[in-house]
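Taking it in order: structure first as C-alpha cells, then the write-up.
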Amino acid sequence: MTSSPAAVGTASSAAGVAARRSAAPAGPRPPRRSTPSTQWAAVAFAAPLIVYLVVFYAYPLFRNIELSVHDYTIRAFVQGDAEFIGFEKYADVFASSAFPTALVNTALFTFVSIAFQYTIGLALAVFFQKSFRLSGVLRGMFLVPWLLPLIVSASTWSWMLNSDSGIINSVLQSFGIGQINWLTSPDFALTSVIIANIWLGIPFNLVILYSGLQNIPGELYEAASLDGATGWQQFWRITFPLLRPVSAITILLGLIYTLKVVDVIWIMTTGGPGNVSTTLAVWSYREAFGTGQPAFSPAAAVGNLLILIALVFGFVYLYLQRRQEES
Amino acid sequence: MTPTRSWWRTALGLVFTALMLFPVYWMINVSLTRTSDLRRNPPHWFPWDPTFEGYAAVFDQQLPALGTSLLIGGGCVLLTLLVSAPAGYALALLHLRGGGTLNFVLLVAQMIPAVVMAMGFYAVYVRLDLLNTVWGLIVADSTIAVPFGVLLFTAFMSGIPKEMLQAARIDGAGAWRTFRSIVLPLSRNSILTVSLFAFLWAWSDFIFASTLNRNGDLIPITLSIYAYIGNNTTQWNSIMATAVVASIPAAVLLVVAQRYVAAGVTAGAVKD
C-alpha cells in the first residue's frame, strides 16, 4: 500500500490518500507515461464490465441455447437432468401451426408500426423544426408516452379500447359506428396493439429525426425560398434527402426495438384471441411464463430465432452507422 | 417569420400535443371517476365531480409495491454506475486494448430481446435460489441500462480535453486519482443522465418482474398493476390511480431533467 512512488512523490496528503486507494481497484502502480502499466489500469477499470458481461449476459445466453437443445420440463429444470435432443425443438417450432401466424404477425406488427411511427414522427419533427412560441415545451410534452412505464400505457389503452365502456367506441358511436370489440375480436386485436405501439414509438422517432433536422444548414432553406421553392418542394428536395442517413438509423433501431416487444401485446391481449395477435416474442414469453405449464425448451428455441432476426437488422444498422461516421 | 404565422403554429402545436397526450389525460380522468360512473355511456369527459377513492386505494394497498420499485430503481442505478463509469473511463481515456470489440459487444447486447434474457436469468436463478428476490431483479434490470451507460460515458469522456489529463499526470496523479478527481466531476451530467435512465427503466420494467419475481413477497409496482388488472376488472378508477402514481418518476424526469434526457439521446450524435 505504501509503495506508490509516482503519487507519493508529490508529497501532498491528498495524493497520498489517492495512492492508497489506487492500490485496490486500479492496480498497484499509478503509471507515468509507461504504456504497459496504463494497459493494466485500463484492464482494471474495465474489469467490472467484463465480469458483468460474462456473468450476466454471456452465461444467461448460453443457458438459453442449452435450454433450446434439451428437453426441459419444470422438474428437469430444478434437477438439471434434461435429455439432450439437438434441434428437435426447433423442428417442432417450424412445424407448429402457430409458427406461420406468429411470423406474419411479427412482420405486420413491426413494419406497420414503423411505417406510421416514422411518418408521423417525421411530420412532427418538420413541424417543430421552425421554433415558435411554446415549441420547446410542447416538444418536451411529446416525450411523455416514451417515458411512461409500458404497463401504464398499455392498461390505459386497454381501458380506452374496452368494448362496452371505452371512450373510443363511445366516440365512434356518436358517428353512427357500431360497437367494435377492439381487443377480443379476431379482426381487430392485432390492429389495436399496433395502434397502441405506434403511439408509443412516435416520441422516439420525433426526438431522433428532430436532432437530425438540426444538422441541416439553414442557408439551404434560405437559398431555396429565394429561388421560389414551396415548403413542399423544400421538404422533398432538401429535408428528406439530407435526412436519409438519420432516417435509416431511426428505422433500423425501431425495427430492432419493435421485434422485441412483449409487454404491450401481452398486457392488452396476451396474444389472443387464439394466436391472432401473437408475435414471435409473445409466443416465446407465453410458452415459458404465460401458462401454468412452462415449456422452456420451445420458448428458448423461438427466442433464439428472434435473436437471429434481430441480429440481421442489427448488423445492417451497425454497417450504416459506421458508413455514416466515415463520411 | 411573421407573428401571425407563428401564432398559428402554436395553436396547431397545442392541438397535436393534446391529441398525443389524450391517453394520459384519460388515465387521469378515469382515476378520478366514481365507480358508479365508470360504465356510463357516454363517459364523463371531465371529472366534474372528482373522487379520490382510487387514490385512497393506492395508499392503502400499493405503498409496499412503490417502496419495492424505489429500492429496485435505486439499486439498479448504483450497480449501473459502478460498472459503467469505470468502463467508460477505460474505453475513452485509458485506450483499453480490444476496446473496439468491447464496444461492438455492447451494441449487440442491446439488441438481445428481453424475453430471451428473462429465460436465461430464470434458468440461472432457479439454481442459485435467486428467484423472487429483489437482488435478482436489480441485477436483471441493470442489464437494460449497463450497455447504454458504458456507451454514454465513453462518448462523453472522450470529449474531456487531453491537456487536463496530461496536467494531472505531470502532477503525479495515477489512473485512479485522475478518474476520481478529474474525470468523475467533469462527467456529472453524464452520471445524472445514466442514473435517470437506469432508474426509469428499472422502475418501468415488466418483463423481468413478471418472470423472475412472480411469487415474491416484495413485488414492484408494475407487477402490482398487472395483478390488479387480472383480479379486479371493475375497479378501473383504482387501476388508473395506481398508473398515475406509477407515472410520477417519468413526470419528474421530464420536468426536472428534460435537458439530460435530450443529452442522453444526442450523445450518440456528438460522439467524436
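Using the three backbone atoms N, Cα and C, a Cβ is placed for every residue, glycine included.
Residues or ranges marked as domain 'ABC transmembrane type-1' by TrEMBL: B:66-257.
What TrEMBL records for B:7-28 (among others) is transmembrane segment.
Among the features that TrEMBL reports, transmembrane segment is placed at B:70-92 (among others). Long-range contacts of the transmembrane segment (B:70-92) within its own chain (CB-CB distance under 8 A, at least 6 residues past either end) are made by residues 99, 102-103, 134-135, 137-139, 141-142, 145-146, 149-150, 152-158, 160, 179, 183-184, 187, 190-191, 194-195, 198-203, 218, 220, 249.
Annotation source TrEMBL lists transmembrane segment at B:104-125 (among others).
Marked as transmembrane segment by TrEMBL: B:137-160 (among others). Within the chain, the transmembrane segment (B:137-160) has long-range Cβ neighbours (under 8 A, six or more residues past its boundaries) at 72, 75-76, 79-81, 83-85, 87-89, 91-93, 103, 106-107, 109-110, 114, 117-118, 121, 182-183, 186-187, 189-190, 193-194, 197-198, 201-202, 205, 208-209, 212-213, 220, 264, 267-268, 270-272.
What TrEMBL records for B:181-203 (among others) is transmembrane segment. Sequence-distant contacts of the transmembrane segment (B:181-203), counting only residues of its own chain at least 6 positions beyond either end whose CB sits under 8 Å from a CB of the stretch, comprise 69-70, 72-77, 80-81, 84-85, 88-89, 93, 138, 141-142, 144-145, 148-149, 152-153, 156-157, 160, 164-165, 168, 173, 220-222, 246, 249-250, 253, 257, 260-261, 263-264, 267.
Counting residues 6+ beyond its ends, the transmembrane segment (B:236-257) has Cβ neighbours under 8 Å at 24, 27-28, 30-35, 38, 51, 53-55, 57-58, 62, 66, 69, 73, 192-193, 196, 199-200, 203-204, 221-222, 224-225, 228-229 in the same chain. Under the heading transmembrane segment, TrEMBL lists B:236-257 (among others).
When Cβ-Cβ distances below 8 Å are used as the criterion, the transmembrane segment (B:104-125) is approached by residues 131, 136, 139-140, 143-144, 147-148, 150-151, 207-208, 211-212 of the same chain, each at least six residues removed from its ends.
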